[in-house]
Amino acid sequence: MTTGEAHTRYARWWDVYFGIVAVAIATAILLSDGHPRWRRLVAVGAIAAMMALQGLAGRRMARTGTVGHAALAVVIGQIVLFATAVVAVPFATWLLFAVIPLIFQLVEMGPAIVLVIVVNLVTPVVDLVRNPSAVLADLIVAIISAATGVWLGFWIIRVIEQNVERGQLIAELEDSRAENARLSHEAGVAAERARLAGEIHDTLAQGFTSIITLLQAADPELRDERLALAVRTAKENLAESRALLAALAPAALSEGSLLDSVRRQATRFTEETGISATVRVTGEERALPTAVEVVLLRAAQEALTNVRRHAAAREVAVLLAYAPSSVRLVVRDDGRGFDPAAAVGFGLNGMRARADQVHGTLSVHSDPDSGTTIELEVPA
């Protein structure tokens, strides 16, 4: 709730309260016979003018939280009309219970306290001329009334402030929730983009690279064999594309187990590069969660691609080690190696990101001219 909303909400109820008190006192004055008729009419007229002033100006100012000279003028006008009614008929003093809340609605706390004291002195001043013997009692009542009025004003303002603060906190909480939802959505979009980028890099890009390499390397004697390999790679790329668009597991995994898929990758690697690639398994092979199998297969593909592009190796050894609570993939080559700390690219960042998705750990051991070992261990 904003300050303006709080003022509007509470001003509406004070309008109702002021109207009920004013109408009740005006009716009581009209029906009484203790004062001349003209005095009663003057008092009722003053009360009617107070209601009109409140309806035309005070109400709008209270609802908008307007303070300043205009609001002060309205309050002084109400006090003058109140004094007129009290001079005409002392019973109008009971209007104090309606006037004091209006003062605190339209005037800041300091001036409001002064005006509350002034309005409570109206009756003692009137009696000072008309009934001096009642002045002392009037002063005691005025002091009590002023103290009560000030306390009431503090309470009114504090209630409004608390509701404003509560409304602001609620608004801030709603804004925070909306911001969290937006950030979560953006994070999800970014993660999905990163996942798709990794999928494309590990499948389609590698497949197209293989096709280009095969076609460029084709000589007349090996043309048919190389073209056959290129066609097969293109078909596998097509299957990967369809699986990727359908958000399914890699096409290779749909044709057999993880071990079968890794062996097919190694066989194709040897056929395309002429580099010996062996696959060994330890432990008891078992079915793994799809997400884990995808990460392991993509890591094997990326490691073999790195060997093809950068290692100039003579042989590659791939190990799948099944332990009771984890699975370990090791890809080792005897190529020229590199400095892992200075490496840029090589798909290592993508491999690490995939490993993180399944709470796995990726380690790279390599030195120039001493080969490379990539090891990925995943809990499963």
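Each Cβ is built from the backbone N, Cα and C atoms, and glycine gets one as well.
Marked as domain 'Histidine kinase/HSP90-like ATPase' by TrEMBL: 291-380.
Per TrEMBL, the feature region 'Disordered' maps to 361-380.
Long-range contacts of the transmembrane segment (12-32) within its own chain (CB-CB distance under 8 A, at least 6 residues past either end) are made by residues 40, 43-44, 47-48, 50-51, 54, 59, 62-63, 89, 91-92, 94-95, 97-98, 101-102, 105. According to TrEMBL, the feature transmembrane segment maps to 12-32 (among others).
Here TrEMBL flags 38-58 (among others) as transmembrane segment.
Per TrEMBL, transmembrane segment is recorded for 70-97 (among others).
Marked as transmembrane segment by TrEMBL: 103-123 (among others).
Listed by sequence, the residues of this chain that lie at least six past the ends of the transmembrane segment (135-157) yet keep a Cβ under 8 A from its Cβ atoms are 10, 96, 100-101, 103-105, 109, 112-113, 116-117, 120-121, 123-124, 127-128. What TrEMBL records for 135-157 (among others) is transmembrane segment.
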